[in-house]
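Features reported for this protein in Swiss-Prot:
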ACT_SITE  S171  active site, nucleophile
ACT_SITE  D194  active site, charge relay system
ACT_SITE  H281  active site, charge relay system
BINDING   E205, R208, D210, D213  Ca(2+) binding site
DISULFID  C21-C27  disulfide bond
DISULFID  C109-C120  disulfide bond
DISULFID  C255-C279  disulfide bond
DISULFID  C303-C314  disulfide bond
DISULFID  C317-C322  disulfide bond
DISULFID  C451-C467  disulfide bond
DOMAIN    356-467  domain 'PLAT'
CARBOHYD  N157  N-linked glycosylation site
SIGNAL    1-17  signal peptide
Amino acid sequence: MVSIWTIALFLLGAAKAKEVCYEQIGCFSDAEPWAGTAIRPLKVLPWSPERIGTRFLLYTNKNPNNFQTLLPSDPSTIEASNFQTDKKTRFIIHGFIDKGEENWLLDMCKNMFKVEEVNCICVDWKKGSQTSYTQAANNVRVVGAQVAQMLSMLSANYSYSPSQVQLIGHSLGAHVAGEAGSRTPGLGRITGLDPVEASFQGTPEEVRLDPTDADFVDVIHTDAAPLIPFLGFGTSQQMGHLDFFPNGGEEMPGCKKNALSQIVDLDGIWEGTRDFVACNHLRSYKYYSESILNPDGFASYPCASYRAFESNKCFPCPDQGCPQMGHYADKFAVKTSDETQKYFLNTGDSSNFARWRYGVSITLSGKRATGQAKVALFGSKGNTHQFNIFKGILKPGSTHSNEFDAKLDVGTIEKVKFLWNNNVVNPTFPKVGAAKITVQKGEEKTVHSFCSESTVREDVLLTLTPC
């Protein structure tokens, strides 16, 4: 039996398509695949550039606090600005119900200025994003065309190569970047920060962000649970050459605080309120921004699933290495292999989000006991707290392995401290030791070994030195 919904879609598709044309950026239709489909049932045309009012706000190392407005139709605005044609350009494009002057965009620019000289352009299309979702999703096409127009102007008037450009788009902004990239041959890079699911997941590549939109496309997924029933705003669909799923890509640590503590945020009431409404979705740009200042703090591991990653089946990095999620993903040697690549990692629950993964194996000695075996690493750059490696029967001669994510890179490991404990009192006061502990950092092939012939009672530290 044909459903009423199917009939309605048929009638929508059968209606004559409409089209609007705008000077310098072309024509836009509401024909398939843009409308009249199961994913995009409503026929909605994008607004005009004048109504959307897109602005290009330039920040540079010379003007990190006050923007200069650039116009894609007026090259003189480039000449009158601090735009440097010998430096890279990174555009940051916001998403639904957001704006180009929101703090997070400028904060991201300022982090860039700490590590490089760069043109940082915040794309403000708030008039086109602060409307109904369906309308905003269609306005994406015009905003993307305007970004492409800006890139074309830079190329035509200043011989500025698109290969020098990165488009960073959050939410709907990721698909704005995709539209711009599809119109700009040779675009260097697009980074999608939790590309939005609704109206885009499952659509043809021409509608959404995809790997053909730039020479390199990387995507960070932080809110990939289904929109219905879990209210996940981001897509689970792989849309880049490298797709990163931190913490599994659905539930970010630190996002399940109670309402009051979430709203009364360290970054202010407004940012806290945003976090309360869409914490997982917003984590993507927070991870990216922090990655700029942590070149090696977001190493990501190829894995079939997050469950496999959490089961310690994807460690250490393969021979080709591991990419860094975020700003330095483009340094990965095999970033544009033919197959889309899926990567996993864990982050912290609040700033600082960076983590360094270690694999540890313990060979026990001493008496048989029940309890937990823990290890802390001490290195040239600092030390970790105690991590639980094994819980159960501590049997001499047995070897137990685990992985953990440390808050810092300890540097060259100089010693390891072993501790065991049990909440149940043992009247025999057994002594347990670690005859050997091996440690490997995820991105390195070297396995470091530490030994001791001693044993200790419960809650007494045992120091192991290189052997």
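For all residues, glycine too, the Cβ spot is worked out from N, Cα and C.
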Integer Cα-Cα distance in angstrom, E205 (Ca(2+) binding site) to the residue listed as 'active site, nucleophile': 17
Closest of S171, D194, R208, H281 to C27 (disulfide bond), Cα positions, recorded positions only: R208
Cβ neighbour count (within 10 Å, all chains shown) around S171 (active site, nucleophile): 29
Neighbours of E205, R208, D210, D213 excl. site residues, C-beta within 8 Å of centre, Ca(2+): G178, S182, E206, V207, L209, P211, T212, M239
Rounded distance in angstrom between the Cα atoms of C467 (disulfide bond) and C120 (disulfide bond): 50
Around the Cβ of H281 (active site, charge relay system), the count of other Cβ atoms that are within 10 Å: 26
Number of other Cβ atoms within 10 Å of the Cβ of R208 (Ca(2+) binding site) across all protein chains: 27
Residue pair N157 (N-linked glycosylation site), R208 (Ca(2+) binding site) - Cα distance, angstrom, rounded: 29
CB within-chain contacts under 8 A for C109 (disulfide bond), separation at least 6: Y59, P64, I92, C120, C122
Helix, strand and coil residues within the domain 'PLAT' (356-467) as assigned by DSSP: 0 helix, 69 strand, 43 coil
From recorded positions S171, D194, R208, D213, H281, the one whose Cα lies nearest C21 (disulfide bond): R208
By Cα-Cα distance, the member of recorded positions D194, H281, C303 nearest R208 (Ca(2+) binding site): D194
